[in-house]
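Participant: Got a structure for you, written out below as structure tokens; questions coming shortly.
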Amino acid sequence: MDKKKNISMAVIRRLPKYHRYLEELLKSDVDRISSKELSEKIGFTASQIRQDLNCFGDFGQQGYGYNVKDLSREVDNILGLTKMYNTIIIGAGNIGQAIANYINFQKMGFDLKAIFDINPKLIGLKIQDVEVRDVDNIDGFLQKNKIDIGIICVPSKNAQKVCDIIVKNNVNGIWNFAPVDLMTPENVIVENVHLSESLLTLSCLLQEVNKSRD
């Protein structure tokens, strides 16, 4: 049986961190590393690391550790970084522009094809050589172009409408920055980034720390 088919969501959530640290090790010309050494760098227990990496195959060798290059390549493959995803951004405000300007976007395999907005002052603006288009034209664009991922950076009141349009046009991946839970078919994958919820989580944790000090 292919172990990759049984990777849990918890492991998937940890994969980007493995990717980041393995990239750093490669840049430092590190050829191999033990689970104990990786544990000290990444913050997971050595046992957890061994369990996680066992999902990908038999990469560790007793007395040798992990081959950093091989493991990095496999993590990249699991994360889908060996592919290129056609991507659009809907909403060219502060968050949308920040994402469009992210220098590693293309390197990670996300090819930004278009940006859309409703604001006439933003339409025609170029961000990283990608022109902001009128959102009224998004339907026609999607009918002519195969897009894999839609990045939603619009106010919550407009998010579901935008979601419905891109899903109707066979966009199966959504990165949602709008502070609302979207309704989508089962075959559409939504990754929510609710900034306010993250900030409130931090606030709650700080409050607990402060209580323990009182």
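The backbone N, Cα and C atoms fix where each Cβ goes, and this holds for glycine too.
Values in this document were obtained by computation on a predicted structure and should not be read as measured data.
As annotated in Swiss-Prot:
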type	residues	note
DNA_BIND	17-56	DNA-binding region
BINDING	Gly91, Ala92, Gly93, Asn94, Ile95, Gly96	NAD(+) binding site
Participant: Can you check how the pLDDT averages out over the DNA-binding region (17-56)?
Facilitator: 89
Participant: DSSP on the DNA-binding region (17-56): how many residues come out helix, how many strand, how many coil?
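Facilitator: So the DNA-binding region (17-56) is made up of 28 helix, 2 strand, 10 coil.
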Participant: Within 10 Å of its Cβ, which one of these binding-site residues (Gly91, Gly93, Gly96) has the largest number of other Cβ atoms?
Facilitator: Gly91
Participant: Cβ-Cβ under 8 Å from Ala92 (NAD(+) binding site), same chain, 6 or more residues apart: which ones?
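Facilitator: Correct list: Ala100, Ile115, Phe116, Asp117, Asn119, Leu122, Leu125, Ile127, Val132, Cys153.
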Participant: Excluding near sequence neighbours, so keeping only residues 6 or more apart in the same chain, what lies with its CB under 8 A of Ile95 (NAD(+) binding site)?
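Facilitator: The list for Ile95 (NAD(+) binding site) reads Cys153, Phe177, given in order along the sequence.
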Participant: Could you name the residues, excluding Gly91, Ala92, Gly93, Asn94, Ile95, Gly96, of the same chain that surround the NAD(+) site, i.e. Cβ within 8 Å of the Cβ centre of those residues, in sequence order?
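Facilitator: Everything else in range on the chain: Ile89, Gln97, Ala98, Ile99, Asp117, Cys153, Val154.
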Participant: Tell me the Cβ neighbour count for Asn94 (NAD(+) binding site), meaning other Cβ atoms within 10 Å of its Cβ, over all protein chains shown.
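Facilitator: For Asn94 (NAD(+) binding site), the count of other Cβ atoms within 10 Å is 9.
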